[in-house]
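S.K.: Feature list, courtesy of TrEMBL:
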DOMAIN    4-119  domain 'Semialdehyde dehydrogenase NAD-binding'
BINDING   T11, G12, A13, V14, R39, S40, S158, G159, P189, N333  NADP(+) binding site
BINDING   R99  phosphate binding site
ACT_SITE  C128  active site, acyl-thioester intermediate
BINDING   Q155, R253  substrate binding site
ACT_SITE  H260  active site, proton acceptor
Amino acid sequence: MTWTVAILGATGAVGRVMRTCLEASSIEVGELRLLATPRSEGASLPFQGRDVRVQAVSPDAFQGVDLALFSAGASASGDWAGVARAAGAWVVDNSSRWRMDPEVPLVVPEVNPHAIPAAPALIANPNCSTIQMVAALQPIHARYGIHRVIVSTYQAVSGTGEKGIRALEMESERWRTEAGHTGESNAFPFSYGSPDAPPAAQSPYPHPILGNVIPQCDVVLEDGYTREEQKMIDETRKIMELPDLIVQPTCVRVPVVKAHSEAVYVETNQPANVEDVRTLLSQSPGIALLDDPHHAAYPLPRKAAETDPVWVGRIRKDRCVPNGLHLWVVADNLRKGAALNALQIAEQIWERAAR
């Protein structure tokens with residue numbers, strides 16, 4: 001058995017990682033269709049030792065497709081998910097378009113694989129920050145129960161796509177030019193320039209990201225929370241099937257290229273011993289435990305980038321709340337936070353079909 005697979009948004013940051021994750025997956029691909037906007041048509045990208053030409057997306061592009069992986073934004077998903085479904089394809093969509101639709105399952109395979117339907121359907125891939133957090137929380141909830149989560153995120157610029165990466169690169173180059181440094185200089189000035197300097201041209205951020213920390217991911221809503229923070233609240237409750245779970249996020253953009261970090265505080269229903277939690281997480285699928293702070297061993301974005309697990313460390317009891325726990329959670333936002341999670345959903349469907 002082989003599948004015909006389509007990737008919509010194939011030339012974007014997540015779409016490129018989807019292609020490499022597909023190549024490494026258990027899915028037998030008979031034909032791969034790389035789909036994008038007309039401006040990317042004609043480009044070629046490698047897959048399984050050959051070059052595959054990028055096509056402009058069209059209704060005909062989904063005919064005969066078994067699996068369609070979408071990562072082209074909410075608008076494109078709204079336009080094309082129904083077309084792909086009408087053609088009979090499974091659709092796994094990485095955008096925010098369908099996540100909170102009550103008819104669309106929102107899946108993290110380590111948490112709620114039972115939500116994957118038995119017949120071809122549209123499945124939503126959660127937000128990157130939500131994925132890594134719920135993957136770390138699920139084993140704790142299964143053993144002890146949880147009722148409150150407070151999380152501060154440290155989100156890489158690749159979470160905003162290619163334009164976020166370009167903004168950091170352009171500001172770095174501008175700093176080197178303005179500071180009079182060459183690529184061979186080891187000097188580093190105290191200042192990044194004027195505090196009122198504008199962000200890079202076409203930056204997705206309201207302030208410069210180089211040498212900065214921006215406590216705003218996405219637009220600010222009427223109540224002061226951002227859309228990213230609201231996503232974490234709503235998606236966590238839906239995935240974990242805990243509609244009354246208290247989730248209080250603060251989402252922050254940092255000048256890191258890849259891998260999101262999170263400081264997670266969780267209150268459990270039953271008392272939890274730290275050593276037992278370490279053992280529990282070390283035995284949980286998709287989790288890599290790195291928790292030896294006395295020897296400076298804990299998850300870091302530079303080490304988590306280009307890896308598949310959700311890394312967890314700095315596990316400790318809260319000093320004030322008896323059932324409070326603190327965790328440090330890091331994952332590659334383009335892999336487990338997006339492309340890999342989508343492929344893991346697809347692999348479960350593939351393995352079910354192959355039985």
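Just so you know, the numbers here start at 1 and follow the chain as drawn.
Each residue, glycine too, has its Cβ placed from N, Cα and C.
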S.K.: Quick one: average pLDDT across the domain 'Semialdehyde dehydrogenase NAD-binding' (4-119), no decimals.
M.R.: 97
S.K.: May I ask you to report the DSSP-based helix, strand or coil state of R253 (substrate binding site)?
M.R.: strand
S.K.: For C128 (active site, acyl-thioester intermediate), which residues of its chain lie six or more apart in sequence with Cβ-Cβ distance below 8 Å?
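M.R.: Residues satisfying the criterion: Q155, G159, H260, A331, N333, L334, G337, A338.
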S.K.: By DSSP, what is the split of the domain 'Semialdehyde dehydrogenase NAD-binding' (4-119) into helix, strand and coil residues?
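M.R.: Reading the DSSP string over the domain 'Semialdehyde dehydrogenase NAD-binding' (4-119) gives 35 helix, 33 strand, 48 coil.
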S.K.: For R39 (NADP(+) binding site) and the residue listed as 'phosphate binding site', what Cα-Cα distance in Å is obtained after rounding to a whole number?
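M.R.: Per the Cα atoms, R39 (NADP(+) binding site) and the residue listed as 'phosphate binding site' stand 28 Å apart.
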S.K.: Taking every protein chain shown into account, which of the recorded positions R99, H260 has the largest tally of Cβ atoms within 10 Å of its Cβ?
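M.R.: Counting Cβ neighbours within 10 Å, the top one is H260.
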S.K.: What is the separation, in Å, between the Cα atoms of A13 (NADP(+) binding site) and R253 (substrate binding site)?
M.R.: 17
S.K.: Between the binding-site residues T11, Q155, S158, where is the Cβ count within 10 Å the lowest?
M.R.: T11
S.K.: Among the binding-site residues R39, R253, point out the residue whose Cβ has the most other Cβ atoms within 10 Å, with all shown protein chains included in the count.
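M.R.: Its Cβ has the most other Cβ atoms within 10 Å: R253.
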S.K.: In Å, rounded, how far does the Cα of R253 (substrate binding site) sit from the Cα of R99 (phosphate binding site)?
M.R.: 22
S.K.: Given T11 (NADP(+) binding site) and the residue listed as 'phosphate binding site', what distance in Å do their CA atoms have, once rounded to a whole number?
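M.R.: Checking the Cα atoms of T11 (NADP(+) binding site) and the residue listed as 'phosphate binding site' gives a distance of 23 Å.
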